[in-house]
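Listed in TrEMBL:
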- 149-362: domain 'Peptidase M28' (DOMAIN)
- 466-657: domain 'Endoplasmic reticulum metallopeptidase 1/1-A TM' (DOMAIN)
- 673-903: domain 'Endoplasmic reticulum metallopeptidase 1-like C-terminal' (DOMAIN)
- 30-50: transmembrane segment (TRANSMEM)
- 401-421: transmembrane segment (TRANSMEM)
- 433-457: transmembrane segment (TRANSMEM)
- 477-498: transmembrane segment (TRANSMEM)
- 519-536: transmembrane segment (TRANSMEM)
- 542-561: transmembrane segment (TRANSMEM)
- 573-591: transmembrane segment (TRANSMEM)
- 611-629: transmembrane segment (TRANSMEM)
- 641-663: transmembrane segment (TRANSMEM)
């Protein structure tokens with residue numbers, strides 16, 4: 001009896017573990033093409049849904065539709081009226097007279113055509129104020145004088161109000177902290193200069209709000225709550241007009257919640273990227289009312305990291321109004337953001353229609369919600385997980401429930417596949433082999449990710465060394481070859497290494513079962529990632545949870561139908577589940593590429609942009625393909641597939657480095673302009689002694705570097721123009737003067753961006769300047785001296801000051817508190833940003849200094865006074881105009897003229 005049993009056992013062992021049996025599970029390298037096509041199909045589906053916009057409705061559609069529909073055609077007509085004014089910087093005639101006039105005309109027409117049940121009130125607020133502003137760790141005081149708001153109230157049954165906010169002012173410079181111009185009409189930012197028309201940022205949002213007001217005012221019956229429409233005229237000047245409204249307008253106390261409409265791109269879908277704080281009812285309302293959802297809590301957490309170099313009025317309403325809200329913005333085509341290409345030519349009426357449909361539905365829902373009156377009291381300490389899937393449906397649930405869901409899915413994603421595979425093997429002794437393969441799969445996933453990140457970093461470093469950074473800026477598809485393909489190669493090599501060095505020839509597991517066990521290891525990897533984010537309080541763990549859930553669904557189907565021991569059937573089910581996974585995960589890759597590629601063009605030169613994009617690519621590959629890499633075990637001659645991806649990567653690198661395809665920038669003739677941004681300031685610096693008499697003066701061009709290539713481009717360009725081009729750190733004034741005596745405007749940029757200086761012979765001429773006249777000093781109490789000034793001039797300006805040793809600024813008349821000092825060039829000082837709307841007369845400024853040593857003699861403070869004109873050709877010298885004309889057509893150059901007066905008092 002013993003011998004037959006032994007023979008039977010031997011025969012079973014030979015069948016199960018022979019190469020011939022295992023080879024049944026193997027497929028040719030061509031089958032790798034199926035996985036590639038699956039990824040391409042999933043990414044294409046995602047990209048389609050991300051960019052697909054609804055057809056716009058026209059006035060003619062009102063005959064077939066109810067009155068309560070958003071008509072994109074009317075909003076488009078309003079948008080044309082505003083953009084025909086050209087750039088509308090705060091303080092210009094285009095902004096403070098012409099744009100305001102359009103609002104007054106349209107709102108008057110709305111009042112005339114409203115339903116008898118409705119009441120529409122309008123006020124034009126001209127407001128002055130000041131507040132502390134900190135951005136990227138840089139503190140400053142921002143002062144605004146006579147900036148304008150057009151405020152409209154659709155009166156409801158209750159005074160409790162929902163606020164809708166947009167801004168109609170624009171920038172003439174392409175970065176994120178805009179400037180203003182002289183109020184003099186002849187010097188206003190007009191059509192003749194290459195400033196930004198601001199079609200998307202942000203007057204398109206204002207036209208959406210106008211149409212919403214038009215629609216809601218024609219409905220019978222008042223809303224439960226009032227709706228306030230704030231069209232603010234000074235957002236680009238450090239969020240000043242919204243501060244003026246929320247802190248000084250009498251209607252502000254009635255606001256219980258708000259919707260802020262913004263743009264950091266030019267077109268596409270508006271994304272909900274900030275909500276709250278602590279207002280889950282608002283997310284619930286979004287879920288119930290919005291027709292085309294596009295919202296990700298991941299975007300909210302990403303924005304809070306500071307990786308996005310922008311800010312919005314959301315911050316002002318939240319911090320100074322203590323009210324919850326939602327922040328919605330367009331972000332696609334960020335290359336046009338704050339450039340001359342932010343125009344109607346590159347926008348579509350479908351953008352307005354989609355945004356209008358969503359915001360109209362959301363506004364009506366919130367305006368009639370019982371939660372609005374108690375929104376500041378509800379949900380304290382609570383937060384929400386929310387996300388959409390391709391805009392087809394929207395999911396939201398409490399964050400605490402999300403923690404439980406993440407934990408349960410993370411556990412089941414490992415337990416269920418393990419139990420199913422263990423039952424399929426049917427041998428107790430195989431459990432150890434299964435756990436060993438799970439560990440191999442986990443290690444291969446982690447090792448592949450680490451190697452791909454290291455490889456991306458190495459490639460980015462080499463691209464920097466070869467002066468080829470940002471070669472993907474105009475052709476983002478190059479990223480797939482330059483960084484995604486090498487990342488795939490890294491994962492493939494790790495899988496091949498694990499398969500070669502950890503294969504157990506005596507295992508009871510077939511090759512197919514080994515593959516399934518290693519897939520469990522991948523799930524274990526994502527479980528740790530999901531639980532890690534959950535434990536540190538981040539809600540974005542849902543990304544990994546959904547990834548695991550989709551894969552788990554395929555595993556359960558294989559278990560139910562007992563397909564684990566099959567040769568091909570289980571693979572088919574697995575690949576079908578991975579199509580959903582790829583659609584889900586490729587969304588994040590596409591969004592991140594569309595977000596960060598344009599940002600690298602305005603993020604300065606401190607960080608290698610290729611490093612950022614390489615990391616995005618490596619993480620994207622890991623997310624999209626993690627459950628496909630273990631299938632390498634099944635492929636005969638996997639080195640062929642790996643070689644194909646290597647060839648793709650090499651080809652892309654050759655194109656990027658040695659052909660015109662890799663040149664980063666394009667002008668408008670290419671159809672989709674991707675400009676290089678330059679800020680150039682023709683500067684006159686005037687230095688005064690203690691008596692206010694002239695010591696000396698000089699002049700030159702100040703260059704602000706907007707991307708990593710600008711430094712190299714400027715060096716090559718300036719070498720043809722003359723000598724003396726140096727980084728500002730090498731200027732003599734940086735050794736002797738406060739803050740290098742530079743024409744500072746937005747202090748955070750001066751701190752974080754590189755700047756260069758080129759001496760010139762031509763002297764800028766400015767007849768209209770901001771002046772700060774010294775009017776004496778007095779001792780207001782023991783050890784405290786007050787210096788009195790008279791300020792005059794309604795143009796964009798700034799003041800920076802640094803105290804001498806033993807002296808401290810303790811108060812001033814600008815506001816009740818003094819902002820913390822900022823460090824620049826190894827010095828500490830205070831910075832004041834000043835903008836003007838409607839022209840005003842002289843105003844007094846006092847500064848109080850505490851002098852520790854009563855016997856202190858001499859000066860106590862160094863003072864810099866800056867006057868600046870952005871994009872005003874009338875104040876350009878001939879030399880400056882000739883210099884600007886030499887920039888290539890793919891450059892978006894924003895010129896300015898500045899005067900810096902330095903004093904010691």
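Cβ coordinates are placed from backbone N, Cα and C, and glycine is handled just like the others.
Annotations in TrEMBL come from automatic prediction, not curation.
Residues 268-269, 390-392, 575, 578-579, 581-583, 586-587, 589-591, 624-625, 628, 631, 634-635, 638, 641, 644 of the same chain lie 6 or more positions beyond the ends of the transmembrane segment (30-50) yet place their CB under 8 Å from a CB of it.
Stretch with the largest number of CB pairs closer than 8 A to the transmembrane segment (611-629), among 477-498, 573-591, 641-663: 477-498. Within the model, the domain 'Endoplasmic reticulum metallopeptidase 1/1-A TM' (466-657) carries an average pLDDT of 95. Long-range neighbours of the transmembrane segment (573-591) within the same chain, counting only residues 6 or more positions beyond its ends whose Cβ lies under 8 Å from a Cβ of the stretch, are 34-35, 38-39, 41-43, 45-47, 50, 298, 389-390, 519, 543, 546-547, 550-551, 553-555, 557-558, 561, 563, 616-617, 620, 623-625, 627-628. Beyond the ends of the transmembrane segment (519-536), by six or more residues, the same chain brings 402-403, 406-407, 409-411, 413-414, 417-418, 421, 434, 437-446, 544-545, 547-548, 551-552, 555, 574, 626-627, 629-630 to within a C-beta distance below 8 angstroms of the stretch.
Only residues 6 or more beyond the boundaries of the transmembrane segment (477-498), in the same chain, are considered here, and those with a CB under 8 A from a CB of the stretch are 440, 443-444, 447-449, 451-452, 455-456, 459, 471, 593, 597, 613-614, 617-618, 620-622, 625, 629-630, 632-633, 638-639, 641-642, 645-646, 648-649, 651-653, 655-656, 661-662.
Residues 385, 434, 438, 513, 516-517, 519-520, 523-524, 526-528, 530-531, 533-534, 539, 541-542, 544-545, 548-549, 551-552, 555-556, 558-559, 564 of the same chain, all 6+ positions outside the transmembrane segment (401-421), place their C-beta atoms under 8 angstroms from a C-beta of that stretch.
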